[in-house]
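Just below is one structure, and these are the notes that go with it.
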Amino acid sequence: MTKSTAADRIEALRDEIRHHEHLYYVMDSPEISDAEYDVLVRELQALEKEHPELITPDSPTQRVGGKPKEGFPKVAHSRPMLSLDNVTSEEELRDWDRRVRERVGEGVEISYVCEYKLDGLSMALLYQEGPDGSAQLARGLTRGNGTIGEDVTTNVRTIRSVPLSVSAAKLRKAKLPPMFEVRGEVVMPLKAFVKANEEREAQGLAPAANPRNYAAGTIRTLEPNIVAQRRLDFYAYFALTTTGETIFSEQSDALDALTAAGFRVNPHREAIHSFDKLMGFVDRAEKHRADLGYEIDGVVIKVSSTDLQARLGYTGRAPRWAVAYKFTARAGTTQVEDIKVQVGRTGKLTPVAWLRPVVIGGTTVSRATLHNADFIEELGLKIGDWVKVERGGDVIPKVVEVVEDTEHSRGHTTFHFPTHCPECNSEIVRAEGEADYRCVNADCPARLRESLLHYSSRGVMNIEGLGEAVVNQLLDRKMVRSIAELYKLDEEKLLSLERIGEKTARTLLKEIEQSKKAPLNRVLYGLGIRFIGERTAQLLAEEFGSMNALMAASQEELERVNEVGPRVSQAIREFFDEETNRRLVEHLRDAGLTFTAEKRKKSSELEGLTFVLTGTLPTLSREDAKAKIESAGGRVSGSVSKKTSYVVAGEEAGSKLDKAQELKVPVIDEAKLLELLNGR
Ligand code: AMP
Ligand code: ZN
């Protein structure tokens, strides 16, 4: 392809990708499949690789850039980012409305715009004029202290609903100048939050408290690729000139313009003229709150007219023309009836408070996590105590404090953490420096149950229909004694279970069959190795490319993967050194799992493997064999050690063969080596 046709194709691809990203990330209504989208991106990446001089900063391939070198520079805001005055009742809102009307004077009609108050962190995005009259994202600033914010541009760029550029055509349609500032809220959607917390748990970290804190922490992370993984979102709500003046004469026009320019603007907004309708909006928002998929903590009511806004002005800390109606926190008070300990798939023991059921934010809560033994001690919690419980979004409710007042009696029963696993009765251990106790019995039924549930869950092996009800029955009837035995189930066995008809059985078998094609990273994640969450599994799969290479990797080699430190590499080694686990992998392979790596950084089949050659091979000379192994990414070593992956033995093999047998290193022949090289 000539350079000019390549340039045309690149531009066309970018436009198309931007269009589909907008549909997917902003409108939530994709028109093409993920696979079709990937094809477009890959074509663009390939062309850009061929013509690096044609890469522009606003190309969809350029969201994740280099790390910020020295933290985040501090930059002054064009105009201070203020906070909002709060009201928490209809009465207070009525007072506020009255004050507004008094100030603007009698007879002046007021139109309010009601918006959801998104619970995240505010962000100011600066767009500057780029080539062809487009606007290019130049900077993202946090609120900071309101006057001076932190420049977190590298991280903001990774948020897919933030346009890296707005074309001249779109600007025209939106009636926006090529230089402007957008203010809005960065939020972490609940799905992303729940996933991130699962990941943290898999890594043995305490879960993050709530999506807002996690979003705020994420935006200040020095690793843009981590920020990209966390799937933050951005909602725009103000359009300003670069000197901080309002661009449109009505707030409702500003929101429409931002929408037209391709920003995500929260669809739940309404222009309202009467007080009664304001309260109606607030009530509806509060009811709607639980189903949104992101957190809101109230409603923001703004005077729509910019002229009136100017007339109303500001107090020291907040505009007089806007107010936040804050919802009451989703917390409740109830009594702890019991504390029970649950066993997770890694054997981790989590104490859970069994509560007298209480309705919090429209949901009945009867359990709350107590994290670990230390947490109970810090709370000073006894069974029978009254406690304050908080619920945030989809997250497991948490006990936040013991209520100590005259209305609530204190409990009497001190909780003693068990010394033995409540499910299998084997002794439990607490490793030095760790907060958690765990059951280390590999055959613990609770661990098996949790392993099966984890393995089949969405985002792991996606075996729809293999939920708790089925798993419990399978275990009770000893039909499944390991993950691999899932693949031995047949229709007859499933039909013998309760509440399973022919149709369900067939669908489930189809799902199980389907899971055999799951890529390597999912299987790895599914195995439930300590500290290996979804992301680490992905990185390992990319780096090693095959189950064999990974299983053979030394701790040192494992640590080549970014984010894999000694603790994680040790956990992986321990897992694969365990005979039962190695057998499990073999059984999965026998069952037909393919372990194919989805994305391969290196196309080398033997990456991470070390070979020792001994004896005379039938067709290959020593040098040929060595060259072939090395060009496939493997290593050839002169002596056999525990780290040797394979000894390749030919005629008249010598002491190396004995050594291999002594150390239980697999011995293969030339035919098998060629098979490995051809990437079976
Ligand atoms: P507060 O932090 O409670 O004083 O509330 C003010 C903050 O609400 C602002 O700094 C914004 O970050 C946030 N906010 C959330 N949604 C909106 C919205 N639709 N309009 C304006 N501010 C909002
Ligand atoms: Zn146990």
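Every residue, even glycine, has its Cβ placed from backbone N, Cα and C.
Here's what TrEMBL has on this protein:
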- Asp34, Ala35, Glu36, Tyr37, Asp38, Ser83, Leu84, Glu115, Arg143, Glu185, Lys302, Lys326: NAD(+) binding site (BINDING)
- 55-75: region 'Disordered' (REGION)
- Lys117: active site, N6-AMP-lysine intermediate (ACT_SITE)
- Cys421, Cys424, Cys439, Cys444: Zn(2+) binding site (BINDING)
- 601-680: domain 'BRCT' (DOMAIN)
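DSSP labels the residues of the region 'Disordered' (55-75) in these numbers: 3 helix, 2 strand, 16 coil. Per-residue pLDDT, averaged over the domain 'BRCT' (601-680), rounds to 83. For the residue listed as 'active site, N6-AMP-lysine intermediate', the nearest of the binding-site residues by C-alpha distance turns out to be Leu84; the candidates were Glu36, Leu84, Arg143, Cys421, Cys439. Taking each Cβ in turn and tallying the other Cβ atoms within 10 Å, the top scorer among the binding-site residues Leu84, Cys421, Cys424, Cys439, Cys444 is Cys439. If you measure from the Cα atom of Cys444 (Zn(2+) binding site) to that of Asp34 (NAD(+) binding site), you get 40 Å. In terms of C-alpha distance, the listed binding-site residues Asp34, Asp38, Leu84, Lys302 place Asp34 closest to Cys439 (Zn(2+) binding site). A C-beta separation below 8 Å, combined with a sequence spacing of at least six in one chain, links Arg143 (NAD(+) binding site) to Met81, Leu121, Ser122, Met123, Ala124, Gly149.
The residues near the Zn(2+) site, meaning same-chain residues not in Cys421, Cys424, Cys439, Cys444 whose C-beta sits within 8 angstroms of the mean position of the site's C-beta atoms, are Val343, Gly347, His420, Pro422, Glu423, Asn425, Ser426, Ile428, Val440, Asn441, Pro445, Ala446, Arg447, in sequence order. Checking the binding-site residues Leu84, Lys302, Cys439, Cys444 for a CB within less than 6 Å of any atom of ligand 1 leaves Leu84, listed in sequence order. Taking the Cα atom of each, Asp34 (NAD(+) binding site) and Cys421 (Zn(2+) binding site) are about 44 angstrom apart.
Distance from the CA of Asp38 (NAD(+) binding site) to the CA of Cys424 (Zn(2+) binding site) is 47 Å.
Contact annotation for binding-site residues (Asp38, Arg143, Cys439) versus ligand 2: Cys439, each with CB under 6 Å from a ligand atom. The separation of Cys421 (Zn(2+) binding site) from Lys302 (NAD(+) binding site), Cα to Cα, is 57 Å. Note on the domain 'BRCT' (601-680): DSSP counts are 27 helix, 16 strand, 37 coil.
Cα of Glu36 (NAD(+) binding site) to Cα of Cys421 (Zn(2+) binding site): a span of 49 Å.
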